[in-house]
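Listed in Swiss-Prot:
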BINDING   Gly78, Thr81  Na(+) binding site
TRANSMEM  4-24  transmembrane segment
TRANSMEM  39-59  transmembrane segment
TRANSMEM  68-88  transmembrane segment
TRANSMEM  102-122  transmembrane segment
Amino acid sequence: MIELDYLTIAFGGAIGAVLRYLVSRTINSLLPFSYIPLGTIIVNSVGSFFLSFLMFAAIEKVPLSKEAILFFGTGLLGAFTTFSTFTYETLSLIEESPARGVAYALANLLFAFTCAYFGMILGRGKV
């Protein structure tokens with residue numbers, strides 16, 4: 001039922017968006033001296049880990065229902081991670097300092113892909 005799919009995604013997305021706001025705001029307030037927005041790096045990395053873990057575990061070990069994938073993958077983790085904030089912050093930092101902006105972009109990608117890789121390994125049960 002398509003309408004239920006939308007509600008499932010919306011409910012997961014609402015939770016993910018609030019969690020992202022809380023985590024990112026908390027990290028950035030604890031580390032106000034940081035030269036880059038660490039909150040975004042952390043939410044993107046954590047979200048990448050859990051999405052990879054969820055999807056690889058669902059494919060190879062424990063089949064998940066369509067509703068669980070929509071709720072956790074598309075909804076919660078989709079809203080928890082934030083590509084748009086990452087790109088905005090990168091451009092803002094590049095305007096201030098090109099080196100800092102590029103370093104931020106590379107750090108975000110490096111940490112997110114590394115966490116996604118470990119999520120894949122753990123999701124497949126290789127550890």
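A Cβ is built for glycine as well, from the same backbone N, Cα and C atoms used for every other residue.
Comparing 4-24, 39-59, 102-122 for CB pairs under 8 angstroms to the transmembrane segment (68-88), the maximum falls on 4-24. Neighbour density for Gly78 (Na(+) binding site): within 10 A of its CB lie 19 other CB atoms from the protein chains shown. Spatially close to Thr81 (Na(+) binding site) yet at least six residues away along the chain are Arg20, Val43, Asn44, Gly47, Ser48, Leu51, judged by Cβ distances under 8 angstroms.
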